[in-house]
Every structure is written in C-alpha cells, then in structure tokens.
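Reviewing the structure listed below.
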Amino acid sequence: MTFEMLYSKIHRATITDANLNYIGSITIDEDLAKLAKLREGMKVEIVDVNNGERFSTYVILGKKRGEICVNGAAARKVAIGDVVIILAYASMNEDEINAHKPCIVLVDEKNEILEK
C-alpha cells in the first residue's frame with residue numbers, strides 16, 4: 001500500500017505576478033524551486049493564506065530571482081502580494097515513509113530563503 005505524503009513545501013512565499021493569459025502553471029524562481037526539490041512539470045498544490053483558495057497546478061522554472069507567478073485561469077485565485085504555501089506530495093510505501101523527511105523551505109516577503 002502507498003500513501004500520499006508531503007514531499008516538499010515552500011512556506012509563505014509572496015505572489016509577485018499573476019498572468020491570466022499564459023497557458024497555465026506556477027512560475028517559481030529556479031534556485032528556490034531546486035532548493036525545495038521541485039521539478040519542472042511537477043504537480044503542486046497552492047494554498048493562498050490571504051483568501052483561503054486552494055488549487056493544483058504544475059511548476060515552470062523561472063529566471064527572475066524571487067519570482068512566484070501564477071499563470072492561466074488560476075491567476076484569478078490569487079492577487080499580487082498574497083502569501084501562499086506551495087506543497088508537493090509523493091506516493092510512498094511504509095518503508096519510504098519511515099525514512100522520509102519533507103523538504104521545507106521558509107522564505108521572507110521577497111521570497112528570499114530564510115531557512116531550509
């Protein structure tokens with residue numbers, strides 16, 4: 001049997017842009033994404049602390065430092081300046097669960113890394 005477990009999290013990131021006319025996804029600063037073990041195309045769940053919205057999308061790696069941009073239809077669920085939690089999950093069996101520790105990255109209001 002497998003269980004969906006927290007794989008990684010970027011905690012309290014700030015939305016820097018929302019692009020309704022893009023195809024979809026969330027663009028995340030590449031360095032930040034890699035530190036959080038997020039990969040291009042990986043499914044993530046976004047939780048907006050300001051308005052309570054919760055939605056799923058996939059990761060695109062961004063070039064701008066500190067960039068967190070929600071794209072496509074999901075751009076209607078956030079506002080620039082909103083604080084979000086970006087979560088990724090992985091399917092794990094009992095042995096993997098026992099050995100796993102989620103990667104948690106804390107950031108400040110400019111999406112600069114505070115702690116990993």
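The backbone N, Cα and C atoms fix where each Cβ goes, glycine too.
What Swiss-Prot says about this one:
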ACT_SITE  S25  active site, schiff-base intermediate with substrate
MOD_RES   S25  pyruvic acid (Ser)
BINDING   T57, G72, A73, A74  substrate binding site
ACT_SITE  Y58  active site, proton donor
C-alpha spacing of A73 (substrate binding site) relative to Y58 (active site, proton donor), in angstrom: 13
The one of A73, A74 whose CB sees the fewest other CB atoms within 10 Å, among these binding-site residues: A73
Distance, the residue listed as 'active site, schiff-base intermediate with substrate' to T57 (substrate binding site) (CA atoms, angstrom): 5
Packing count at S25 (active site, schiff-base intermediate with substrate) (other Cβ atoms within 10 Å of its Cβ): 19
Cβ within 8 Å of the mean position of the Cβ atoms of T57, G72, A73, A74: remaining residues of the chain near substrate: G24, S25, I26, F55, V70, N71, A75, K77
Mapped DSSP class for A74 (substrate binding site), helix or strand or coil: helix
Protein Cβ atoms within 10 Å of T57 (substrate binding site), excluding its own: 19
Between the residue listed as 'active site, schiff-base intermediate with substrate' and A73 (substrate binding site): CA-CA distance (Å): 9
For G72 (substrate binding site), the number of other Cβ atoms found within 10 Å of its own Cβ: 16
